[in-house]
Amino acid sequence: MNTTDTIVAQATPPGRGGVGILRVSGPKAAQVAEVVLGKLPKPRYADYLPFRDVDGQILDQGIAIYFPGPNSFTGEDVLELQGHGGPVILDLLLKRILTLSGVRIANPGEFSERAFLNDKLDLAQAEAIADLIDASSEQAARSAMNSLQGAFSTQVHQMVEALTHLRIYVEAAIDFPDEEIDFLSDGKIEAKLDEVIVELERVRSQARQGSLLREGMKVVIAGRPNAGKSSLLNALAGREAAIVTDIAGTTRDVLREHIHIDGMPLHIIDTAGLREASDEVERIGIERAWQEIEQADRVLFMVDSTTTNAVEPVEIWPEFMARLPKSLPITVVRNKTDMTDEETSIAEVSGYSLIRLSARSGEGIDLLRDHLKETMGFSSNTEGGFLARRRHLQALNTAAEHLQQGHEQLVVARSGELLAEELRLAQQALSEITGEFTSDDLLGRIFSSFCIGK
């Protein structure tokens with residue numbers, strides 16, 4: 001990426017709208033203002049001005065705001081042109097700006113990337129911008145804003161700072177081995193290390209909640225034909241998302257619904273009934289069902305309670321259980337309690353959760369919702385929380401592993417050198433979250449997923 005270029009892009013969504021915004025950032029932002037507006041607006045004041053073409057004809061009239069660097073979003077000179085949101089008008093204005101030498105269309109996320117490179121925000125905050133735009137619930141939006149304001153980054157910086165001081169202490173013990181006090185055995189280093197480990201575990205717990213808010217949980221409903229899978233999908237979705245009939249095999253393909261349970265995104269997938277296929281279409285549907293099952297976070301094993309009294313999954317359908325990945329969590333759902341003597345309930349059977357409900361009447365659905373929240377460790381009370389991505393969780397987990405290994409080196413091996421190395425690696429892992437230690441390749445992948453105008 002050439003950061004000496006001046007970049008321009010539409011900051012509002014494509015299509016028609018009341019207002020359309022073009023954003024310019026770079027050393028020629030002031031020149032763009034001079035040629036398009038005929039003047040350089042007073043910094044940080046809104047000016048209502050005509051936007052002119054190369055020949056001086058007025059293309060549009062609107063608001064122009066000039067932010068000289070470094071006091072701007074990107075840290076560079078920034079010009080925003082807010083005109084009417086017609087695609088033709090905005091395209092003409094964009095072409096006019098691009099006639100200037102040294103001005104080009106921005107790459108996806110390049111405005112945010114320049115803000116990061118100019119220390120206007122760290123990497124976790126930059127990612128929070130995209131997460132705020134993509135938020136699918138009020139809770140996710142609030143958590144993304146907390147991240148943007150530094151709720152996550154501040155905690156990471158504090159842990160990095162604590163590790164820095166700890167490393168200084170440890171390396172002093174290594175450099176001055178003849179001191180009267182044995183730094184490695186007097187308990188001070190271990191106490192400080194334990195404090196960081198406890199704090200890291202607290203942040204990891206928050207990050208897991210933030211990851212659930214951002215990415216949600218993939219739940220696949222699977223079972224034999226006519227077990228009530230589509231009825232359960234409709235009950236969870238709160239609408240008639242799937243066709244329901246008494247004919248076995250009504251669902252031939254994968255159906256997806258995205259809902260929220262107290263703020264937790266849930267990706268529910270209804271699948272074709274699993275049996276020996278009667279035709280090619282059904283065979284393909286069953287193959288797709290198994291593909292979804294193998295990629296699920298949890299499987300709801302639907303059982304028609306009018307056909308069996310069994311509650312053990314292996315007893316209900318041994319072939320199904322044999323094919324499931326061993327590490328895949330399942331919940332057995334005995335459906336159609338409205339047609340049997342069973343009461344709606346939840347219990348544990350041989351290590352599996354068993355829920356009795358009626359998808360048709362809705363009895364027991366709240367039990368299932370609470371169960372899904374509990375199994376994912378989701379708490380709806382996340383005030384002050386932040387959003388987290390998979391890479392954040394991976395970095396936190398890596399840091400935790402190095403701190404545990406460092407603790408062993410301190411307590412068991414009494415090796416200052418090995419402890420110092422584990423602390424360094426933990427610090428490096430945490431620094432990857434905020435971008436203090438990050439490869440160019442990772443930066444490219446992160447910012448390329450952003451909107452063009454961000």
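Each Cβ is built from the backbone N, Cα and C atoms, and glycine gets one as well.
Here's what Swiss-Prot has on this protein:
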BINDING   R23, E80, K120, K454  (6S)-5-formyl-5,6,7,8-tetrahydrofolate binding site
BINDING   226-231, 245-251, 270-273, 358-360  GTP binding site
BINDING   N226, T245, I247, T250  K(+) binding site
BINDING   S230, T251  Mg(2+) binding site
DOMAIN    216-377  domain 'TrmE-type G'
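Features per Swiss-Prot, on structure.
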| residue | record | contacts (Cβ under 8 Å, 6+ apart) |
| --- | --- | --- |
| E80 | (6S)-5-formyl-5,6,7,8-tetrahydrofolate binding site | A11, I21, L22, R23, V24, I63, A64, I65, F67 |
| K120 | (6S)-5-formyl-5,6,7,8-tetrahydrofolate binding site | P70, F73, T74, G75 |
| A359 | GTP binding site | G228, S231, L232, N234, A235, N335, K336, I365 |
One should report the C-alpha separation between S230 (Mg(2+) binding site) and A272 (GTP binding site), rounded to whole angstrom, as 9
Average pLDDT across the domain 'TrmE-type G' (216-377)?
-> 85
Hey, does DSSP put K229 (GTP binding site) in a helix, a strand, or just coil?
-> helix
Taking the Cβ of A272 (GTP binding site) as centre, how many other Cβ atoms lie within 10 Å?
-> 27
Residue, out of the binding-site residues R23, K229, whose Cβ gathers the largest set of other Cβ atoms within 10 Å = K229
